[in-house]
């Protein structure tokens, strides 16, 4: 077996049971990985030098095909209502078949790190069948120094073989696609999908399981730091503005997607970004756009024209087009991947019902309530003439990646908020003056002005009113922001329609939260929205 590249000889790929391979490439850099990718016909080059790969039928994650091994260790610690179990025997069989399937193949190994905090990191080895997957994950995770690679010992191993097709009957799975996670042995097997995001989220899932036991809060969020060292954390589901609002030229970007919060403050789990590129433009998002125009970036499912120019407006392969690049491709990114204790937490929502105010201040109990709710609203497809928005509740703002019960994360968050006296804000980037189809999108200028006032501390001195539906505190006046926008009811022409819409949304919150009622105390239960009669 031919082995190339810097690695710890005492911790070679054979320690994972992989044998009789034709070649193993360890820790290759971008140029070598480009060569191998092109040689194998796995991807194309854009005119600017980015590597452009297509993932075939899977253009997103496959949450229904993800399984967690249910054993003596995980039995009482995993939230089985939300995680599909796999028996240890089925996993063992799958693992043996992966090893058999890999025989005679060339494999690529990247020895990487998840977690910028030395006390809370995991050494994650990622073994891939595709060369472009090796570059992708190298861009996304933290890269050890050349010296460190010589003594690197993996604590977690991910084996990604897209050509492996799972037999549902043999392993008790759903389809030919499988993502099997053994949290006890820290092994992840990915088969039957070429979507690269599965690898990144597997490391996130492992850290989300390991860290709470150490009192460290894992978060699906972006984070940045102001010139005075004040750290801000942005929670939010897809499409709420997490990446856009945390990319602020006046602040240092710590990371855009996954972080931990421990005794030393906030730290990035990753060393790169995985940004959406559909309708990306140099005008709207210059820093992200610039990363797509250079060597080293991986473009996923982006359409190229005949001159190899990327067309970011073309969603014919998927709306979920992406780019993966190292964090240092962003000019104002943090070099350490670390920030201090957060001063502000922002929970983003895009309320398409037009009910929520553009900003509200939350108590620690309200913050836990809204964190467990994880609300946003998707806008229905207009092609069928459906204008009714759809409420989405994804607990902890990232349910698919949270192996433990949400209340564990919620209680940890509440404890840290109280301990460090963090200001918490709910920011609505959705609709104002009516629901989607009637009202208009919240002006980004207003959102940025409100956010700036929250982050610089001046918003704490504003006069607040209590929202009659949600019970949180809403500023009455903020310099540079039209006052009417701060009171959503006043922006609706039809006040009766507003009250009906508010009641509808409150009822959705209440019924969604029923499953958490037995896991929270009275203070959090009392933070639930309730209809209080609004004055005309």
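Glycine residues also receive a Cβ, built from the backbone N, Cα and C atoms like all the rest.
As the structure is a computational prediction, the values presented were derived from the model and not from experiment.
Swiss-Prot has this to say about the protein:
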type: BINDING; residues: 61, 195, 201, 322; note: substrate binding site
type: BINDING; residues: 201, 220, 236, 237, 238, 239, 240, 241, 242, 243, 244, 285, 322, 447; note: ATP binding site
type: BINDING; residues: 201, 220, 257; note: Mn(2+) binding site
Pull out the binding-site residues from the set 201, 257, 322 whose C-alpha sits within 10 Å of the C-alpha of residue 242 (ATP binding site).
257
Tell me, which binding-site residues from 61, 195, 236, 240, 244, 322 are within 10 Å of residue 220 (Mn(2+) binding site) if we use the C-alpha atoms?
236
Round to a whole number and give the Cα-to-Cα distance in Å for the pair residue 201 (substrate binding site) and residue 244 (ATP binding site).
21
With Cβ-Cβ distance below 8 Å and at least 6 positions apart along the chain, what are the contacts of residue 244 (ATP binding site)? List them in sequence order.
285, 444
What binding-site residues in the list 236, 238, 240, 257 lie within 10 angstroms of residue 61 (substrate binding site), counting C-alpha atoms?
none
Give the three-state DSSP assignment (helix, strand or coil) for residue 220 (Mn(2+) binding site).
strand
Under 8 Å Cβ to Cβ from residue 240 (ATP binding site), same chain, six or more residues apart: give me those in sequence order, or none if nothing qualifies.
348, 349, 350, 376, 429
Could you state the CA-to-CA distance between residue 195 (substrate binding site) and residue 257 (Mn(2+) binding site) to the nearest Å?
18
According to DSSP, does residue 244 (ATP binding site) fall in a helix, a strand, or coil?
helix
Determine, to the nearest whole angstrom, how far the Cα atom of residue 236 (ATP binding site) is from the Cα atom of residue 257 (Mn(2+) binding site).
10
Given a separation of at least six residues and a C-beta threshold under 8 Å, show me what packs close to residue 238 (ATP binding site) in the same chain.
276
To the nearest whole angstrom, state the Cα distance for the pair residue 322 (substrate binding site) and residue 257 (Mn(2+) binding site).
14
So how many other Cβ atoms are close to residue 257 (Mn(2+) binding site), meaning within 10 Å of its Cβ?
24
Lowest local Cβ density among 61, 201, 220, 242, 322, which the record lists as binding-site residues, within 10 Å:
61
